[in-house]
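Annotation comment: Swiss-Prot describes Asn20 as N-linked glycosylation site. Taken from Swiss-Prot, the feature transmembrane segment covers 23-43. According to Swiss-Prot, the site 'Seems to be involved in pH gating' annotation covers Trp41. The feature topological domain 'Intravirion' is assigned by Swiss-Prot to 44-97, with sequence analysis given as support. Per Swiss-Prot, S-palmitoyl cysteine is recorded for Cys50, and the stated evidence type is sequence analysis. Residues or ranges marked as phosphoserine by Swiss-Prot: Ser64, Ser82.
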Amino acid sequence: MSLLTEVETPTRSEWGCRCNDSSDPLVAAASIIGILHLILWILDRLFFKCIYRRFKYGLKRGPSTEGVPESMREEYRQKQQSAVDVDDGHFVNIELE
């Protein structure tokens, strides 16, 4: 006798979802949260460049200069510019033969 004949296989009627008739609020809340999560994930994947670019560059502002004398502001600008100038020296030109 084969083991396959003794294995109980579910009938087609048992494969259906049994939670369709359920009025449990937890099931409804989980379904709503799942659908919202899916929608947000799709939007994130579609617009991630716009969203994260906005966060990275759009929301960045320099430190507040309110109440700071103009001479100190100019000194700060010069330091920032010199830092940028130093970074420009790190680029390496590679020429292929």
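Residue numbers in this text run from 1 along the chain shown.
Cβ atoms are placed via backbone N, Cα and C, with glycine included.
Structural mapping of features recorded in Swiss-Prot.
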| residue | record | DSSP (3 states) |
| --- | --- | --- |
| Trp41 | site 'Seems to be involved in pH gating' | helix |
| Cys50 | S-palmitoyl cysteine | helix |
| Ser82 | phosphoserine | helix |
Listed in sequence order, residues with CB under 8 A of Ser82 (phosphoserine) and six or more positions away: none
Mean of the pLDDT scores, which run from 0 to 100, over the topological domain 'Intravirion' (44-97): 68
Rounded distance in angstrom between the Cα atoms of Cys50 (S-palmitoyl cysteine) and Trp41 (site 'Seems to be involved in pH gating'): 14
Cβ packing number for Cys50 (S-palmitoyl cysteine), 10 Å threshold: 10
Number of Cβ atoms other than its own within 10 Å, given for Trp41 (site 'Seems to be involved in pH gating'): 10
